[in-house]
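To keep things clear, I will list the structure first and then write my remarks on it.
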């Protein structure tokens, strides 16, 4: 199923520059309904308050790490089916394995290109 | 009755005492005195390090501030570039819309097909520029990597500052020949240092420790 351009997407990153970059890329890819959160805890609050179709999250954040947020999403009956794309500088194999075991939908390593982001989104929603 | 076992080292000392004619207690007292003088010299030598340690400790918060300023400046600069990129992207959206409208109008007006082709070529050029603008946008993710490296450096400096302050606390009372009350205060400060080990240390605590040991 192709991605719905009107679905609400939550961009989670503690760095305002990265949130802006990811939102810009998603906008260029045709997605217009974009929201943002500063950490995993903030994201979980927003995910419970509204209906989201997709989450793009950083790994390394204060308050709650992306991997912990992912585990919380997968353990939550209401949220567990939301696709989660991890965008991270943590390129170590162990981190990737940890994310896969936690139920990540796909994984993008920084620095990345818009094409990589599009390719990963296409694979998630194919 | 069995004789107590004597180690070779102890036997050697007993033999030496016998030769010098000294009683074992006097010999032990003499050796303890030697040991006390050695510890005293060592402590004095270590206390000589307190000045450079203090200088380094005082400079570390400045280094942290410089690093955090660097992070803030790169963040502000990145946002500034992003603002411009987003403005150009928005202009391109408007320009593309206008180009399409003009191309359609020209088709209905039966103008030179070459002119319409030029309009299409212009649209393609704008599209290529859009791709470049997106590349500029994604290239700005360098700022996130810079920020992460800066954060790691700040954490390391924080840890180094903790360790240096521990040295100041441990050797400070000795150097200044502080009273017992100062020593108990040193213990309290060590506890506070330990409590802040995994968090950012309060600057007031660092200043207080340095002040207590005569560093301003």
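Cβ atoms here come from the backbone N, Cα and C positions, even for glycine.
Database features (TrEMBL):
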| type | residues | note |
| --- | --- | --- |
| DOMAIN | A:8-125 | domain 'Response regulatory' |
| MOD_RES | A:58 | 4-aspartylphosphate |
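In terms of DSSP secondary structure, the domain 'Response regulatory' (A:8-125) contains 55 helix, 22 strand, 41 coil.
On the 0 to 100 pLDDT scale, the domain 'Response regulatory' (A:8-125) averages 91 in this prediction.
Long-range neighbours of the residue listed as '4-aspartylphosphate' (same chain, six or more residues apart, CB within less than 8 Å of its CB): A:12, A:13, A:14, A:15, A:18, A:66, A:86, A:87, A:88.
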